[in-house]
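Novice: Take a look at the following structure, please.
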Amino acid sequence: MTTIETQATAGTVPSGKRFFTLAGRYGTVAAFLALILFNVLFTPNFLSLQTLNVNLTQVATIVIVAAGMTLVIATGGIDLSVGSLMAIGGALAPMIFTGALFPVSSMPVAVALAFILPVIATALLGLFNGLLVTRFAIQPIIATLVLFIAGRGIAQVMTNGNLQVFRNEGFQFIALGRIAGIPAQVILMIVIAAIAWAAVRHTVFGRQVIAVGGNEKAARLTGIPVHRVKLLVYMISGALAGVAGLIVVARNSASDANLVGLGMELDAIAAVAVGGTLLTGGRANIMGTLIGALVIQLVRYTLLANGVPDAAALIVKAALILLAVFIQQRAGKP
Amino acid sequence: MLLSMHGICKSFNGIPALRSASLEVGEAEVMALVGQNGAGKSTLIKILTGAYRRDEGSIAFAGEDVSFNMPAESQARGIATIYQEINLAPQRSVAENIYLSREPRRFGLIDRRAMREGAVAVLRTFNLEIDVDQPVAHFSAATRQMVAIARAVTQKARLVIMDEPTSSLDEREVAILFETIRTLKRAGVSVVFIGHRLDELYRICDSVTIMRDGKTVATGAMAEMPKLALVRHMLGKELAAFEAIAKDADEGAQRPVRLSVENAGAGVRVRNVSLTVREGEISGLAGLLGSGRTETANLIFGADRLERGEIRYKGQARSYRRPAEAIADGIGLVSEDRKVDGIIPDMSIRENMTLALLPKLARSGIVDRARQDEIVARYIAALGIKCTSPDQPIKELSGGNQQKVLLGRWLCTDPKLLIVDEPTRGIDIGAKAEILRLLRRLADEGLGVLMISSELEELLAAADRVTVLSDGTSVAVLPRRELSEAALFAAMAHQVE
């Protein structure tokens, strides 16, 4: 019936609420800094280039996938298919440069195609997700469940369920190479995160993504091509999953359709949630997602480096997500 | 008397919604309950059913003083409510819905056969022969409504409240519904019928209760209440003193026509609408709730598809498939419901204001922030928007300031035609006058304005000409010099035969 409008000149805010507002805004950063401080004090050899590289290479694929996931979630959707799309991208690439798919005459061309074609393929599968969501108005969680299930099957059928083992220096540069001492995949992660961040902040597309998630009806009445925006975010999410798939198989010198990207959708969603992007849409915090992924990675690393088994680390990870979402909810309350 | 409610008062957060409202319904009587948006009809009904607690007043039902704490209690006493959005479980069968939570049992298990037979029997009393094993979702809106009524009957309801039951029905379905109401009446059941279409009320109701501003302002037998009097009671609040800022339409009669709508129609809400908007004029669009005003705006703007008739913009026939096409042509729409169709609550004033302009503010997809800031600053100043900074989320602004941001959203696109749907709803009186003056200034600069309003004083003060809609049909066009309260009342009460 009647709502009390908040005045333009904001009044005093109760201190409990202010705590949650602050925690909601800076909590993830604070947790990140606290984890680093803890490790500096208690984990042996934490402050070394090697530790940094280990953590960054492990988090790179999560950040890359989570960047796309952030955009999808910002429109009010979700993409469960990313892990399976990684498997497809990861299965396609070696088939191209080993000549299993079609004969290759020149290795540099084959390697180039091995980078490009899998990403195009997963982008098109992302487009398929987008079409289900827009044209057929299927709920995103169900629409992307289709490829979550079928995608890994497709990857297994393509490879007959076989493990593809390979050595290809050119292709594996994406995971093993270094530029100025920094792992190539870390650079790729930084570039992708930076582009996604700039896109959200400075492009028409970025503003439209947030408007669609914030109020789809109003967005349509403002002339925003709602369907096109959604198609694009699912395509981007698919393409980035493909890139992540390439990195994983290049790192392992092997492509196993059963394992590539397994559980990635949940890691990516967790990074987005911890990073402060509301799962209801209308916000896209790429920097938050980056830090969210780093926090999750650091928690795992901290526990492992201090002798806590991986299984227990999972429980802590889950608790962390719960805490992050709880704080955000309290902060978001009027 | 089956029901008598007297002196009902109710406030929300200190703001009165009901101020001594009353409602009396006799045995086997069909009572119309009418009033504008915000008159207090639904609050009164919710107090009766126990969804809200009253602050003051008395309720007597079937000769006893009652005070229901929750809807289940009133249901148990024989008061059934059928809402607009029918509360049935769409995927369950007709029979299951009719007996939901009161399933006939045998040895502790649900007796499906008894349930089915009972459902068939009760539906037959309404001349409805359908497969009761089918999910409710498979049937039309009218049939679903009848299932809801059948449910009420099996609950031995003595009073059935119907909230805008005909809003989504076509004429044939309305006839079926009315036959059902007559059947109920013959069985001694009373009905409270909340509706807006006057001809329907006169067809089915015995008496009428009219509410306005939280009070019951008139009651009487339907047949003895002339339409004109009914409309006057519904709308006739004291006219607020707006300075007259309208111009005589004669002055603008020579001006080029910017928009003309001829015999437009779509669905059941817009039947046959014609109107024109000239360059530099404020063309008013009036009508009672449910007369198809907003739907007409949506047709012009491409939010809904035109099915019949023609829309000409700047002399050319246009049928927009989506708002983006209308916007590209220079049309803007400030929609009726700010919260639902207007603001993006979490976005800043800056982003909300430039949302429609954004593609033009960008070079190769990148927003020109300097120009964006400049435009936003200009309109914040020009519209007098009170905010701490352009970065402030729009949800933190007052209603009037939100509305100004939304006006700014279109003004910065330099529109040629602006449709404003209830531009001053939920805004305090000072801001209202300010927004009307602003619209006038824009019209003077050449903008064509189509102003939809249910507030007569607004139309009287600002519109150069008013088209009146009734039941999805334009029934009158009143030029400025013929515009008066009485003329508007008369036009709105117009009966479509």
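Every residue gets a Cβ built from N, Cα and C, even glycine.
Feature table excerpt (TrEMBL):
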| type | residues | note |
| --- | --- | --- |
| TRANSMEM | A:26-47 | transmembrane segment |
| TRANSMEM | A:59-78 | transmembrane segment |
| TRANSMEM | A:85-104 | transmembrane segment |
| TRANSMEM | A:110-129 | transmembrane segment |
| TRANSMEM | A:136-155 | transmembrane segment |
| TRANSMEM | A:175-200 | transmembrane segment |
| TRANSMEM | A:231-251 | transmembrane segment |
| TRANSMEM | A:257-279 | transmembrane segment |
| TRANSMEM | A:311-327 | transmembrane segment |
Novice: State the non-local partners of the transmembrane segment (A:26-47) in its own chain: residues 6+ outside its ends, Cβ under 8 Å from one of its Cβ atoms.
Specialist: 274-276, 288, 291-292, 294-295, 298-299, 301-302, 305-306, 320, 324, 327
Novice: If contact means at least 3 Cβ pairs within less than 8 Å, sequence distance 6 or more, would you call the transmembrane segment (A:136-155) and the transmembrane segment (A:257-279) in contact?
Specialist: yes
Novice: Can you tell me which recorded stretch out of A:59-78, A:85-104, A:231-251, A:257-279 has the most Cβ pairs within less than 8 Å of the transmembrane segment (A:110-129)?
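Specialist: Between the stretches A:59-78, A:85-104, A:231-251, A:257-279, A:231-251 has the largest tally.
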Novice: Hey, which bits of the same chain come close to the transmembrane segment (A:175-200), Cβ under 8 Å, at least six residues off its ends?
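Specialist: Hits for the transmembrane segment (A:175-200): 49, 53, 56-57, 59-61, 63-64, 67-68, 70-71, 74, 206, 209-210, 240, 243, 247-248, 250-251, 284, 286-287, 289-290.
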Novice: What stretch of A:59-78, A:85-104, A:257-279 shows the most Cβ pairs under 8 Å to the transmembrane segment (A:311-327)?
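Specialist: Most contacts with the transmembrane segment (A:311-327): A:257-279.
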